[in-house]
Amino acid sequence: MNMFRFLGDMTHLFSVLVLLLKIHTIKSCAGISLKTQELYAIVFATRYLDLFTDYISLYNTVMKLVYLGSSLSIVWYMRRHKLVRRSYDKDQDTFRHHFLILPCLILALLINEKFTFMEVMWAFSLYLEAVAILPQLVLLQRTRNIDNLTGQYVFLLGAYRSFYILNWIYRYFTEVHYVHWITWISGLVQTLLYGDFFYYYFHSWKNNEKLQLPA
Amino acid sequence: EEETASHDEL
């Protein structure tokens, strides 16, 4: 475990906790895309299939349970909780995320590290995670005025994968035969998708003005 | 050959 990866995991954990905190305290999910949350739940469910078969470390297992639990509870809140679901603007959150799932599945069947169920599911979860933020970014463009917590949530989510890229570079140079093209390319695409959001986020932060994304 | 050992990253 190197510093970059630990920082990445903590940033990712913090992004999820910021979101859960927002939903739980103000009982609102305004500005949050349910589609992205559902995609993340699928990402974790398909990536952590080895939760009970491969024990790597206590840290690894605990973090998997936390990610699974938090993403499922966010989806539950946004779908079932009587107060929270009222603040979900479904007519704005219209990204057809089903169109993301099938191509990722087909790609995983074609490009994987080994043609086994677990490895195909693992590759699928990486491809899906790379594009899972799209519904949320589209929703931000639509709703324009982004409240602080949502902006912080998306920023932290983008930052976590950036730390992971540093982790992969570090591991490439320090570990023999550490090569995972699938992970690296997916992670790079994922981070690039946040590019313009980061640009506007830093601008709003620098000029100390409300974060506005161009229409 | 990329090792397909268990994936140790989250």
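Placed from the backbone N, Cα and C atoms, the Cβ positions cover glycine too.
What you see is a predicted model, and the numbers here were worked out from it, not measured in a lab.
According to TrEMBL, the signal peptide annotation covers A:1-31. According to TrEMBL, the transmembrane segment annotation covers A:55-78, A:99-115, A:121-140, A:152-170, A:182-202.
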I need to check the long-range neighbours of the transmembrane segment (A:182-202): which residues 6 or more away from its ends have a CB within less than 8 Å of a CB in the stretch? 111-113, 123, 126-127, 129-131, 133-134, 137, 140, 151, 154-155, 157-158, 161-162, 164-165, 168, 211-214
If we skip the immediate neighbours and take only residues 6+ beyond the ends of the transmembrane segment (A:99-115), which ones have a Cβ under 8 Å from one of its Cβ atoms? 39, 42, 121-124, 127-128, 131-132, 134, 180, 182
